[in-house]
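Novice: Feature list, courtesy of TrEMBL:
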TRANSMEM  36-54  transmembrane segment
TRANSMEM  74-97  transmembrane segment
TRANSMEM  123-151  transmembrane segment
TRANSMEM  202-220  transmembrane segment
TRANSMEM  235-258  transmembrane segment
TRANSMEM  270-292  transmembrane segment
TRANSMEM  298-316  transmembrane segment
Amino acid sequence: MWQQFVNYLVYDLMGLSPESHLGSAVNFFIYDTVKILFMLSLIIFFVAIIRSFFPPEKTRKILSHKRKFIGNIIAALLGIVTPFCSCSAVPVFIGFVEAGVPLGVTFSFLISSPMVNEVALGMLWMLFGWKIALIYIASGITVAIVAGLILGRMNLERLVEDYVYKISSSSQCACEVEEQKQTWRDRIDYARAYVAQILKKVWPYVVIGIAIGAVMHGYAPENFLAKYAGPKNPFAVPLAVLIGIPLYSNAAGTIPIVKELVRGGMAMGTALSFMMAVTALSLPEAIILKQVLKPKLLVIYFGIVGLGIIGTGYLFNMIL
């Protein structure tokens, strides 16, 4: 029904031809923008209800003193439902150290949270279907767990900036914050406010991403990407990751572009690797994390996560 209305609006009222590049691009832009923002609101609302049960203080308490494999799994899963953005990486890192969370477990959370969230899940589900959405979520969690385990076994605590441990030793209140009880009315009010907060933050990225996707949809030559980034190019995955690292965006702005990259011939694994690199390995996040990680640890962190993303991309290209 919505597609029929958009067709009527673009082709009948606006007088654009469905055969023209402009008509195709405008139709794509209007249809996807409204659909994505509407569905995103619903998904964010329900995830926010779940998220209300896991405030940051409770997350730190759950993860404190968890060891090895179990701690990494819990951290990666909690990363999905815990509020996080690149600008909060430093306080989150320090807060986890204060609570006694092991370094490897902390990294599992830091990797999972920006890469695997309700925006990514919702938009991938809408644009690619539930199978691709679940594959992406599963792969993101796996990368977070494995990378955290590897980093934890390397005993890299000496490569954390010294002042972090000084803060930790002088402030022990982080995990002693009393959790306030919430009624269902409180949780619903929180979810509504959170929807407004997130949409206010991500809608420009959604619109810009869809606009770029619309231009690619209407004007990009057929099979252009298949020639350079298709499954026949063995270097497509690492190249996509390297291109994605300098870019600063989030799932909302990246997924509409990824959709058109796939439509244009890019292999699905390559496209998902590009998205993971943009959301989990951005240069702004590296600059922010440098405040708490010494350069050697920052390089190790990016290297291990980058290799995990590349391996995931190759694996998906083989099975999808």
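In case you wondered, yes, glycine gets a Cβ from its N, Cα and C as well.
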Novice: Near the transmembrane segment (298-316), which same-chain residues lie under 8 Å Cβ to Cβ, leaving out any that are not at least 6 residues past its ends?
Specialist: 107, 111, 135, 139, 142-143, 146-147, 150-151, 154, 156, 159, 237-238, 240-241, 245, 267-270, 272-273, 276-277, 280-281, 286, 289-290
Novice: Same-chain Cβ contacts of the transmembrane segment (36-54) under 8 Å, 6 or more residues past its ends?
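Specialist: Cβ under 8 Å, 6 or more out: 62, 78, 81-83, 118-119, 121-123, 125-127, 182, 186-188, 190-192, 194-195, 198-199, 202-203, 206, 210, 252, 256.
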